[in-house]
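Enquirer: A single structure is presented below for examination.
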Amino acid sequence: MSSFSNVGFVPHDGENEEDAINLAPKSSESFPAEDSIFADGSPRHRTLFDSKKRFKLRPPLLASTPRVICRFQQASSGSSAPYFTREPTFQPIQEFIEMSEHFHDITENSQGYRFLNTKEPFSRHHSALHHPRLSFDVLPKVIDFSRRWIGRARDTLYRLSVAYSGQEELGIERARDELDDRREHINLSEIFGGSHSQENSCSSGGVFNLNFDKSIEDRQLSFENIDLDSTSPQSTNDVIWLRDMTTVSTISEPILHPSSKISFTSSSPSPQRNPKNEAQKNSSSKREETSMFRSDPMKLYQMILVKEAAFECVAEIGKHGNVQFVDLNAKMSLYSRTFVKQMRRCEEMERKLRFLEKQVITCKPGLDPKSIDYTDLSAPTQAEMIQLEHKLDQLEREFLDLNNNDYALRKNLNSSKEFLQVMRLVDEFFQVHKEEEAKARFERSATTDDIEMFSKSFGFGGLPSSNEMPLTPLLGSDDNAWFVAGVLPLDKKESFERVLWRACRRTAFVRTSDASFTVNDPVTLEPLQKCVFIVFFKGESLRLIVEKVCDGFNATQYPCPKSSKDRKMKMSETEGRMNDLTVVIDTTQTHRYTILKDMSFEIPIWLKNIQIQKSVFAVMNMFTVDTNGFLAGECWIPAAEEDDVRQALHDGFKASGTEVEPILNELWTNAPPPTFHRTNKFTNVFQSIVDSYGVSQYCEVNPAPYTIITFPFLFAVMFGDAAHGAILLLAALFFIRNERKIESKKIRDEIFNTFYGGRYIMMLMGIFSIYTGFLYNDAFAKSFNVFGSGWSNSYNETQLDWWIARSYRKHREYSLELVPEKSFDIEKTYPFGVDPIWNIADNRLSFLNSMKMKASVIIGITQMTFGVFLSVLNHIHFKSYIDIISNFIPQVIFLSCIFIYLCIQIIVKWIFFSVNAENVFGFEYPGSHCAPSLLIGLINMFMFKKRNEGYLNENGEVYSNCHLGYWYPNQRLVETILISISLACIPIMLFGKPLWVRFVTSKRHKLQENKSLKSLRRNGTTVSAPTSPVVDAGPPRFEDAELLLADELDIGEDIHHSLSDIFVHQAIHTIEFVLGCVSHTASYLRLWALSLAHAQLSEVMWHMVLIQGIHTVDHIENETIAMCLKPVVACVAFFIFASLSLSILIMMEGLSAFLHALRLHWVEFQSKFYLGTGHPFHAFYLKESLENAQLITEETDRLADISSGQHLHI
């Protein structure tokens, strides 16, 4: 491909046009190579530009002239290299010149344009500066222009990429208003209309002529006489980028949205762009930049989609889950958005599908719901959804009819069954009265005594037994309504009798069946126990009372024939009707089951399509919609995923079959980007621990990578038992080994999922616990003598016998002290961990407590210091150098002068002070009783208390408080200096940053005032401020980064408006750090406390449960019985020991150590550098939507299993 390395400037007024004409080379030999290097910008921009960066300008861009006129021609002497010449008909445009009073201000004026190009850099040895044809009067202009242009275009050049492979790209960019969040109404349809018209005008060869017509009032840009030479290889697919154009005039006068892109395509053939290949080529290099130590770089993009292709493009993006869309309609109601009708249709389809799904789950025999296939996330077409909607509507109506018919049939069946039971019981009641004459004779033969007995029994107000109550007074009545029969629930039998008896004032008699029968509820199919009742009464008033009581108890009354013959006929008819109803119900259920069985395989597919449709339309409701149907939205995309997103948009564009390709342009914004950390199944649990405290701010140091090591280690320090750690490790390995089986079962138990989700952190906690258990030489409260103890018994047999005899005589135990000079061999020091001799020593707690306490202090101070050093990474990243000077350095010095000094004392005491009398640091050390007390010494250090030097006085006698004196030379002077330095660091931390901010702010204001005065003096006139808002062209400038992101990182809001806020914040931060160093150091002593508690509980479990349980049979005198019981007792004791160890030592103690380790990381460690006030990156991912839908299905299935046999009816 030919290149252009020479530049021809159209001169301004007062310049010599002949000089410009002479710039054109006369032959191809005069052309330099295609590469050229430019300097690092003007002095005013050198802070923004790295001199080592190189840029290739193809074709050369002329930003210092009001009108750029370029002609593609062939060089003389047969050279094929094209070059630029001056267009002879040049008319300068006064409006563009008036836009800026001075050309040096063009690149700084918010109303101006910048000419950008994103090609590869020229090489240094072919610089255009070495061209012999360039005269010295033009050369400074070229250099000045290049410096100014490159300095302003630095960040933009990094983000622009060639739109089509192997083709040149000319970019014209305007600044975006970063402070104005208003989104103006745009007519996106005219963008594409303008592009088509320009595309047609670029199809012919000739002159490429750009005419800029710019005024402050109109702010218009026009393209005139656009022609491309057909012989030029650069005449294809040139791309022009425009940003923050409020009004742009082209042939069709389109109104452009910020960051819109218009493609001008000529008729000459060109290689097609393949976004998929580009994504594969660039994604690997971009992904290497991502790291877990900081959040992924995020970019805000504007996405413009034609309405016909919007669904396919958004659905294709949802397959990857790497885009977070911004809701541009947050102030609008959900019911007033564009695609609310589509959302309602999806919700209605989902409702119908859930209804059908419940029919499948609750049918008999049961059908297991199928799972959704997450491998294929392809979106359904609109035709498929219309067909699905019709099918669901048809199935819903069909099943509603089936349910209603089934309800009616079952209700009739229950009624027939109840009626049959009533007639049977009534027939049994009246079996002894088959003939009417027999009944009359029975009434007349009743004696007076019987009647008196009957009346007396009711005269006392008692309630006789219903089944023993005589019926004689009512049987001879001529009234037809003398009894009522029916059924009622069995559990209401006794209360029904009592209420009816009292309501009728003891004048009605109730008989109920002793045996009950079962009917199924027609709605829920639950079995119901019912019984038959008969109420005997006389009179219309009693009949009304009986009916009201029956209604109150939900009792059903049935008309029963008086004669036995009629009753038997009715029973025969009822039995036949019941058989017919049973056949119809069985046939209906068979048909119903067949439909549901076939439908159970289709429901997951339907549910997936509905959820995809619903999720996509929910995202599309976040877009703003033009009146002509174009959608514009904003989204956050990880920088490493940009190519994948563009490829997804390209695939969606192809699937839609439209002609307008989607637009994806980067935007500048002051809004804080979301935080996105890439994790896998191993690191996810550690990132979740950090995010539970607070999501890190954008690009803030992420504590999760360090937590992977420090969290299990601190846990193991408190849980230091090798045996318990091994059990924990085996449990974690079981979960890891059976991951696929456990996930396939889809267990929804919350407690189980908590342990399963933390399987990898359990594995690390188990490994570190085994390590610390070996350090402590502790396993089930027992030590292992692997390498041989360095201690030995220095007592002979005679001395031991004497001590034993004395212990026997005194009836007490004596402890023998092993003298180190005689009993310890320094050459046989235990190589790893604690010597096993301490496990049987009486003073083991004194030794281990001192060791663990000091080790906890060292570990805590080390982690806090590490956290302070991590804070400097944030300061460097955000270029907050004032924080390094006023916060980081004083904090490190403060920690070093007090707490690191304490750690050094601990280590020195361990190394140099022993039980032997020797000379230590120039002082005669008498022995272990004079070992320096570090805690009291630290207190005396702050109190500046006068102490003795050394351990012996002038007479060689040991001081009474020798452990409180100075134990190394010049200790008082050293400690005084350390205290003074640490106290001097406090005002630096308190006032350093606020005073610096005040100084820089006042200096900046003065510089701005001086610059404004100079500009007014140079122009000689007073220039009124433009009506349009002044914006910065490009990304935010960070000359004074310590006043921008650094403060935002510390406070989380803009603090420049009030200096008092800075003082208050810095005071809080300083007090928190100074007091926190003391309290946090004491907080790390929990490492020692929990380790001690765990060791003591282990010892209690071993000796008091296992050992003592095994020896309980030792007191049995019969050896045979003792030998038989000992294995049983040992098994029982071991079972109790194992149960208590698992429940208390591993579960409870493990949970306690976990929570304490969590607190040490959240408060003591992360408070030194971590704010955690960001917001997470929530990407639009179709798989997550489908998983939520699957959870609803599984929950429905679980509830159906709980209430097995229920039948849904709507």
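Glycine too: its Cβ is placed from the backbone N, Cα and C atoms.
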Enquirer: According to Swiss-Prot, which residue out of Asn796, Asn1010 bears the annotation N-linked glycosylation site?
Expert: Asn1010
Enquirer: Of the residues Asn414, Asn1019, which is given the N-linked glycosylation site tag by Swiss-Prot?
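Expert: Record annotation (Swiss-Prot, N-linked glycosylation site): Asn1019.
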Enquirer: Would Swiss-Prot have Arg759 on the same side of the membrane as His1103?
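Expert: Going by Swiss-Prot, Arg759 and His1103 are on the same face of the membrane.
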Enquirer: Along the topological domain 'Extracellular' (877-892), what average pLDDT does this model show?
Expert: 92
Enquirer: Just the number: how many Å between the Cα atoms of Asn1118 (N-linked glycosylation site) and Asn1010 (N-linked glycosylation site)?
Expert: 110
Enquirer: What is the number of other Cβ atoms found within 10 Å of the Cβ of Asn1010 (N-linked glycosylation site)?
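Expert: A 10 Å sphere around the Cβ of Asn1010 (N-linked glycosylation site) contains 10 other Cβ atoms.
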Enquirer: Please report, as numbers and ranges, the same-chain residues at least 6 past the borders of the topological domain 'Extracellular' (737-760) whose CB is under 8 Å from any CB of it.
Expert: 371, 681-682, 685, 731, 1194-1195, 1198
Enquirer: Note down the number of other Cβ atoms within 10 Å of the Cβ of Asn1118 (N-linked glycosylation site), including every protein chain shown.
Expert: 9
Enquirer: Looking only at DSSP and grouping its letters into three states, which state does Asn1118 (N-linked glycosylation site) belong to?
Expert: coil
